[in-house]
Amino acid sequence: MTGRAGQSVEPGLFVTIEGGDGAGKSTQAALLEEWLVASGRTVVRTREPGGTDFGLEVREIVLHSRGHITPRAEALLYAADRAQHIATKVRPALDRGEVVIQDRYIDSSVAYQGAGRVLDGAEIRRLSEWATEDLVPDLTVLIDLDESLARERLNSAQKRFDRLEAEKNEFHRRVRESFLSIAKAEPERFVVVDGALSPAEISARIRHRLTPLLVSPAR
Ligand code: TYD
């Protein structure tokens with residue numbers, strides 16, 4: 001993937017948040033939005049799957065379909081959601097100079113469909129790069145949490161598990177390892193935070209890493 005840094009393709013800032021189910025991504029996305037809005041930025045907070053009307057329909061299929069979905073069909077559904085989302089919502093916001101905070105992006109497909117479903121991670125990434133015409137985040141936050149701890153949190157929230165959440169611990173362990181290895185390979189794009197820390201501490205670490213990107217004159 002080619003980075004956007006220095007190319008001034010879009011004047012906005014694209015931040016993605018990744019991690020396993022139950023890691024605390026939504027809480028952090030909300031805290032980050034609050035902080036950015038208070039500092040005068042216009043923020044679009046969004047998510048995959050389901051950031052558009054089309055995406056909500058795809059989300060329903062991919063998370064709640066009762067029949068079996070083959071791994072490749074599942075990968076294509078996430079990629080279709082992503083293509084629509086980036087073209088119609090995310091790129092326009094970046095073009096307007098806004099900050100996009102997005103819950104999950106390509107790394108989720110590499111981790112879940114690649115390592116989780118055991119498809120080729122490089123192929124999965126290429127599929128999404130094609131779908132998004134190579135849009136790369138300026139910063140990706142990985143909230144890392146032991147999969148058993150994450151499972152305990154989900155259990156205590158007493159929410160009905162979707163198709164992916166219902167996968168066994170071994171699946172979620174592979175997903176976690178995949179996220180960590182992607183982050184290790186691209187340290188300049190990632191900030192990795194320990195999901196066992198308090199929400200306030202996690203948020204402080206994210207802000208610390210984001211601050212220099214916000215004052216960059218290229219933006
Ligand atoms: P998410 O919206 O984070 O779940 P929730 O709303 O329940 O917190 O994500 C839904 C599920 O989709 C999650 O288990 C991870 C999975 N997923 C993939 O498998 N591949 C992908 O590319 C994406 C974006 C999500």
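Even glycines carry a Cβ here, placed using N, Cα and C.
Every protein chain shown contributes to the tally, and the Cβ of Gly24 (ATP binding site) ends up with 22 other Cβ atoms within 10 Å. Annotated ATP binding site per TrEMBL: Gly19, Gly20, Asp21, Gly22, Ala23, Gly24, Lys25, Ser26, in sequence order.
Per-residue confidence over the coiled coil (147-174) averages out at a pLDDT of 91. The coiled coil annotation in TrEMBL covers 147-174.
Feature annotation from TrEMBL assigns domain 'Thymidylate kinase-like' to 17-206.
The ATP site is defined by Gly19, Gly20, Asp21, Gly22, Ala23, Gly24, Lys25, Ser26, and by the 8 Å test on Cβ atoms against their centroid, the other residues of the chain that qualify are Ile143, Leu145, Ala150, Gly195.
Around the Cβ of Gly20 (ATP binding site), a 10 Å sphere holds 28 further Cβ atoms from the protein chains shown.
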